[in-house]
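Enquirer: Starting off with a structure, shown below.
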Amino acid sequence: MSRVSFEVSGGYHSDAEAGNSGPMSGGQLPPIYKKPGNSRFTAENSQRTRTAPYVDLTVDVQDDTVSVHSLKMEGGSSVEESPELTLLKRNRLEKKTTVVKRLASVSHELKRLTSVSGGIGGRKPPRPAKLDRTKSAASQALKGLKFISKTDGGAGWSAVEKRFNQITATTGGLLLRTKFGECIGMTSKDFALELFDALARRRNITGEVIDGDQLKEFWEQINDQSFDSRLKTFFDMVDKDADGRLTEDEVREIISLSASANNLSTIQKRADEYAALIMEELDPDNIGYIMLESLETLLLQAATQSVITSTGERKNLSHMMSQRLKPTFNRNPLKRWYRGLRFFLLDNWQRCWVIVLWFIVMAILFTYKYIQYRRSPVYPVMGDCVCMAKGAAETVKLNMALILLPVCRNTITWLRNKTRLGRVVPFDDNLNFHKVIAVGIIVGVTMHAGAHLACDFPRLLHATPEAYRPLRQFFGDEQPKSYWHFVNSVEGITGLVMVLLMAIAFTLATPWFRRGKLNYLPGPLKKLASFNAFWYTHHLFVIVYILLVAHGYYLYLTRDWHNKTTWMYLVVPVVLYACERLIRAFRSSIKAVTIRKVAVYPGNVLAIHLSRPQNFKYKSGQYMFVNCAAVSPFEWHPFSITSAPQDDYLSVHIRVLGDWTRALKGVFSEVCKPPPAGVSGLLRADMLHGANNPDFPKVLIDGPYGAPAQDYKKYEVVLLVGLGIGATPMISIVKDIVNNIKAKEQAQLNRMENGTSEPQRSKKESFRTRRAYFYWVTREQGSFDWFKNIMNEVAERDANRVIEMHNYCTSVYEEGDARSALIHMLQSLNHAKNGVDIVSGTRVMSHFAKPNWRNVYKRIAMDHPNTKVGVFYCGAPALTKELRHLALDFTHKTSTRFSFHKENF
């Protein structure tokens with residue numbers, strides 16, 4: 001027996017109270033969400049002011065009959081039985097009055113609700129399913145949702161209307177069903193027919209033609225971008241006979257197709273399991289089918305649950321911050337320029353002073369040489385050209401010395417770890433400075449060679465004998481007659497060979513070649529677009545430095561050895577760099593490692609677990625170099641360490657991107673086998689025979705080396721962002737944070753047990769982090785297998801929820817899109833029941849599509865005012881600009897200070 005209250009007049013409202021009031025009543029029903037305007041039974045806001053009287057109706061629902069048990073007005077007074085009510089008791093439900101119309105709607109909804117909950121009383125055996133849908137129906141519907149999402153509203157209707165007028169010019173304004181796809185601009189004729197039938201069924205149109213008004217109505221539904229409308233269209237196309245029922249096979253098909261549309265292969269493989277989960281939820285009595293409306297209810301509930309609710313105070317704060325973050329435009333160009341310059345200097349002062357100092361030193365050297373040669377005896381003949389050439393040469397000598405310093409990684413790591421220079425020197429930009437100096441070398445070499453070949457040498461060749469006489473001490477008694485005189489000399493040969501070798505090395509070091517982006521190169525030349533080509537051609541600089549010393553010694557215009565300063569510039573940097581390379585070779589041979597475990601994961605990722613050498617101390621966020629002689633005895637490649645400093649092993653996760661990593665995966669795949677059931681990875685191999693296992697290739701390591709992410713401990717709040725394989729340094733940091741917090745808690749417990757007081761917090765305390773936000777964005781679902789065990793471990797150990805983890809799978813359509821609605825609903829059901837996310841396979845709930853980074857920064861700024869937040873990013877360069885800009889924007893406009901750091905290898 002069910003009781004329903006509604007208003008007698010006005011638009012009806014329902015405060016449905018479905019309770020167990022008797023042995024014949026149905027079970028407790030779940031709340032149902034419907035958007036206003038839905039033709040089905042609608043539960044509206046019960047808080048709305050009501051002026052019309054209430055009617056308290058108690059009805060008995062059994063099978064297909066509805067009988068009224070009692071009917072009372074508000075206050076308890078009975079209502080006289082009317083002819084309409086008598087008809088209602090007889091189950092005729094003739095719609096003669098407004099009240100009866102409402103009662104009929106209520107009874108219809110109650111029948112629907114009881115069918116959802118499994119029926120009442122003596123349940124009628126289920127009717128044979130009348131499902132004549134083909135397996136292509138759901139598939140076509142999913143494709144249709146893509147089309148529906150791409151329509152362009154009013155602008156599209158004008159084109160549709162124009163085609164309608166052209167097509168129906170000979171049919172009297174009636175559009176044939178077969179011409180529907182052509183009229184709305186749909187290329188798939190079969191899908192257009194399916195869509196036409198679905199839209200026609202919704203409106204009880206049985207003919208094969210429609211007029212212009214009906215077409216516009218069809219178009220409005222197609223163009224309606226609301227979640228409910230697109231979902232309704234999807235279901236209408238699946239439910240061909242409009243009986244509103246789905247069997248388990250059909251649920252399985254929809255899950256499989258939804259997973260396929262979102263590139264979720266794991267869910268596709270487990271479609272049977274998830275279909276059974278939905279049937280268990282919506283068909284607890286094993287009738288054999290579920291109502292389409294019940295599935296829609298779950299989908300809508302899942303969609304509404306994805307919306308984060310906020311308190312009024314938080315909403316106001318969010319609104320105020322949004323207003324403050326709106327860009328402001330100053331009409332005064334000088335003020336705009338000053339404001340931009342001030343912000344730039346505040347955020348980049350470390351880089352600025354280094355670059356300015358570099359320019360000043362080069363300017364001083366250039367000016368010094370220019371003045372020196374302007375006073376020399378060669379100036380009257382060779383003019384300012386020789387001054388320009390010698391000034392540029394001096395800057396080249398300086399830069400050829402400086403360019404080695406940023407790649408002395410051991411020295412830089414020692415300086416940033418053991419000294420306070422990191423406060424003023426941007427060690428994180430070492431590779432960027434290396435590239436800037438390379439540009440300076442290119443400019444200097446161009447000026448030097450150009451001034452000689454195009455200016456002062458021609459002037460020397462065409463000088464008169466009288467003018468040449470003072471230059472005999474430099475070029476000999478016989479005046480040069482051609483360029484060959486200069487080319488055939490030591491200076492000429494060494495100079496041309498250096499330029500050629502540097503041109504090769506610089507070209508292959510550009511991102512297009514180094515990262516293999518030039519796919520259009522012919523077969524033999526494709527090997528030039530690789531990291532290997534960059535690595536080996538960079539060693540040509542060994543020859544370049546030897547030639548540079550020779551070129552600087554055999555000078556035309558300088559005879560005294562102490563004035564030949566090239567070797568003076570180079571001696572310290574070259575010796576320092578040579579020592580670095582010797583240390584790498586020596587250290588890697590001493591610190592022997594054995595391979596404990598190897599796994600090959602989806603997405604071409606190779607995970608290697610190594611034994612940890614004694615005295616190998618590192619910080620989370622640092623990286624090390626790896627060498628495998630079976631691939632190449634000379635190549636060393638940097639990879640972030642994914643294990644935590646407290647672990648007794650070292651681990652790296654290597655993404656197969658180039659020729660070296662591809663060969664490395666091939667070598668290890670030969671000793672790997674498919675894992676047992678329940679173990680992640682496509683291939684695995686564990687060390688079972690100790691250090692003498694001959695199956696694994698020998699691996700050498702060198703490191704650790706400093707990286708920007710290692711400074712995360714300096715911040716109380718950190719935002720960690722990893723894009724794809726860029727999550728590797730962040731994984732180590734996340735583990736380290738948990739370990740440090742656990743250690744602090746254990747130390748506090750020990751002090752409490754011993755009765756000692758808590759030590760005063762030091763300003764130099766190494767670990768300050770109290771809150772961490774980790775965002776991992778990846779394109780493929782299989783990527784979550786890389787760190788599945790680590791994510792589960794962190795989620796389990798982080799009892800105080802210090803770390804907030806967010807996984808984003810960009811292959812899935814964003815939350816709120818009908819194409820991902822079923823996936824989101826499955827995610828909610830499975831996580832509630834099993835505590836596992838169906839997308840990532842971890843305890844961490846995944847999100848769909850890309851994060852809204854502005855909202856991420858905004859939420860952190862609201863939660864942590866007057867706090868300095870460290871933002872650490874590792875991944876593709878495309879996102880760097882956005883994250884850095886947001887960090888600057890929120891720093892300048894809120895009380896939260898965001899300090900952005902990017903990993904560089």
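Positions of Cβ are set from backbone N, Cα and C atoms, glycine also.
Model, not experiment: these values are computed from the prediction.
As listed in Swiss-Prot for this protein:
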type	residues	note
TOPO_DOM	1-351	topological domain 'Cytoplasmic'
COMPBIAS	39-49	compositional bias 'Polar residues'
REGION	168-178	region 'EF-hand-like 1'
REGION	203-214	region 'EF-hand-like 2'
TRANSMEM	352-372	transmembrane segment
TOPO_DOM	373-436	topological domain 'Extracellular'
DOMAIN	390-549	domain 'Ferric oxidoreductase'
TRANSMEM	437-457	transmembrane segment
TOPO_DOM	458-492	topological domain 'Cytoplasmic'
TRANSMEM	493-513	transmembrane segment
TOPO_DOM	514-536	topological domain 'Extracellular'
TRANSMEM	537-557	transmembrane segment
TOPO_DOM	558-565	topological domain 'Cytoplasmic'
TRANSMEM	566-583	transmembrane segment
TOPO_DOM	584-713	topological domain 'Extracellular'
TRANSMEM	714-734	transmembrane segment
TOPO_DOM	735-905	topological domain 'Cytoplasmic'
Enquirer: Mean pLDDT for the region 'EF-hand-like 1' (168-178), as a whole number?
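Expert: Result for the region 'EF-hand-like 1' (168-178): average pLDDT 88.
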Enquirer: So, by DSSP, how many helix, strand and coil residues make up the region 'EF-hand-like 1' (168-178)?
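Expert: Here the numbers are 5 helix, 2 strand, 4 coil.
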Enquirer: What are the DSSP helix/strand/coil residue counts across the topological domain 'Cytoplasmic' (458-492)?
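Expert: With helix first, then strand, then coil, the topological domain 'Cytoplasmic' (458-492) has 22 helix, 0 strand, 13 coil.
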Enquirer: Cβ under 8 Å to the topological domain 'Extracellular' (514-536), counting only same-chain residues 6 or more beyond its ends: which ones?
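Expert: Residues 508, 632, 634-635, 637, 657-660 contact the topological domain 'Extracellular' (514-536) from elsewhere in the chain.
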Enquirer: Using Cβ atoms and a strict cutoff of less than 8 Å, what residues sit near the transmembrane segment (493-513) while being 6 or more residues removed from its termini?
Expert: 438, 441-442, 445, 449, 487, 528-530, 533-534, 537-538, 540-541, 543-544, 547-548, 550-551, 554
Enquirer: When the topological domain 'Cytoplasmic' (558-565) is classified with DSSP, how many of its residues are helical, how many are strand and how many are coil?
Expert: 3 helix, 0 strand, 5 coil
Enquirer: Other than its close neighbours in sequence, what residues sit by the topological domain 'Cytoplasmic' (558-565), given a CB gap under 8 Å and a spacing of at least six beyond its ends?
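Expert: Contacts with the topological domain 'Cytoplasmic' (558-565): 397, 552.
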